[in-house]
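Written out below as structure tokens is the structure these notes cover.
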Amino acid sequence: MNQEKEWNLDSWKKYPALQQPLYQDLHFYQETLQKLRKLPGILNFEEINKFKNEMIKVSQGDKFVLQLGDCAEVYNECTEEHWKEKFSFYDSMGQILNAIVIGRTCGQFAKPRTQLHEKDGTLNYRGDLINSLSRDERDPDPLRLLLGAHYSKKGIDTLRKYEGKQLWVSHECLHIGYESAFARQHEEDHYYLSNTHFPWIGDRTRLCEHAHSNFAKGIYNPIGIKIGSSINKNEFVNLIKLLNPKNEDGRVFAIIRLGKNKLDKLKDIINWKHEEKLNVSFFLDPMHGNSLEQNGYKIRRIEDIMFEIQQFFNILEQSNEKPAGLHLECTPYDVSECVENDEEIDPKKYTTACDARLNFRQTRKIVIFVNTLLKKLKKKQQ
Ligand code: PEP
Ligand code: MN
């Protein structure tokens with residue numbers, strides 16, 4: 001059975017799609033998607049291909065990726081001024097490691113939620129693509145999809161004018177109707193996603209017999225998959241085979257987010273990779289497995305993040321695997337959302353729309369720490 005032949009722009013619709021908003025006016029929703037499909041693609045195939053060539057170097061162990069940005073990007077910050085500040089922050093962190101830098105930006109507008117409702121019954125915020133942070137505008141609104149498309153294009157246009165080092169952009173491929181409307185065809189048989197270089201599939205939507213992975217398998221872009229602690233061997237192996245049937249370099253990147261107490265499972269995951277001879281490289285997301293609550297605020301501890309990073313490096317080294325990337329939720333602004341030692345957050349500086357982000361100083365500290373780990377590794381391997 002030829003999986004690629006089987007794929008078309010609509011074939012994902014045969015599978016269940018988790019974490020999708022329900023629109024009251026379905027006709028208006030479908031009309032909106034139709035408008036998006038008719039827009040010119042945002043990124044062109046050459047730009048995606050250039051990115052893919054960089055990611056091939058990552059698969060081959062020659063380059064390290066730093067993937068940085070907000071948990072949820074908000075439309076209010078979709079201005080040239082904010083983007084420039086973020087780009088130069090991502091760029092400066094990347095320079096410390098001489099890394100390939102990918103922002104969680106220019107489209108990181110949709111959030112998966114464990115609970116559909118808040119404690120008082122209000123619908124939960126699902127990202128600016130779907131509804132509003134303000135509690136009286138929580139019904140999903142299709143018009144927000146047009147804004148998402150507008151801001152993605154504006155952000156990517158701003159990126160093209162950015163004068164620093166080459167940066168790439170990524171976001172979670174979550175709202176599957178919206179995302180699939182950005183697929184564009186290049187020549188006969190290459191479809192690619194034109195609204196980002198690097199889509200990733202979240203831990204909650206990565207199942208094999210589901211819509212997200214069956215959409216992504218037909219897209220030419222390199223793909224990230226978040227891997228949390230519920231993964232089992234069958235799921236992992238089938239998913240990697242589905243997304244990378246020819247076992248190519250630069251195709252699929254597992255973004256491990258097990259948390260500091262569950263990272264031992266990475267040893268199993270690496271064994272599955274080796275047993276099945278899968279071509280997949282490992283990033284670490286040391287944020288999402290280490291979320292805590294303090295006085296009603298979602299926080300993360302710097303010590304937990306650093307501990308998980310250290311263990312990640314240890315486990316990969318013991319298994320002869322090279323760390324391929326680090327994924328952090330962070331912002332250039334002076335926020336107080338992640339804490340160190342017995343620090344408490346400052347509610348006035350807690351401004352995230354979703355998860356707790358590292359501020360400039362905390363990000364820099366962690367990137368410098370990773371730099372020492374990468375240097376040690378390099379020395380041993382010489
Ligand atoms: C995220 O990256 O913000 C996120 C929701 O991640 P995960 O799918 O790993 O929970
Ligand atoms: Mn998050």
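A Cβ is built for glycine as well, from the same backbone N, Cα and C atoms used for every other residue.
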Listed in TrEMBL for the phosphoenolpyruvate site shared with R104, K226, one of R135, R138, R257: R257
Same-site residue for Mn(2+) (record: TrEMBL; known: C71, H288, D355; options: E46, E317, E321, E329): E329
Count of other CB atoms lying within 10 Å of the CB belonging to C71 (Mn(2+) binding site): 22
Binding-site residues near ligand 1 among R104, K226, R257 (Cβ under 6 Å): K226, R257
Rounded to the nearest Å - Cα separation of E329 (Mn(2+) binding site) and R104 (phosphoenolpyruvate binding site): 8
Near-site residues: Mn(2+), ref C71, H288, E329, D355, CB cutoff 8 A to centroid: M287, S291, C354, A356, R357
Most Cβ neighbours inside 10 Å, all chains, among the binding-site residues E329, D355: E329
CB contacts for K226 (phosphoenolpyruvate binding site) [other CB atoms within 10 A, all chains]: 22
Length of the line joining the Cα atoms of K226 (phosphoenolpyruvate binding site) and D355 (Mn(2+) binding site), in Å: 16
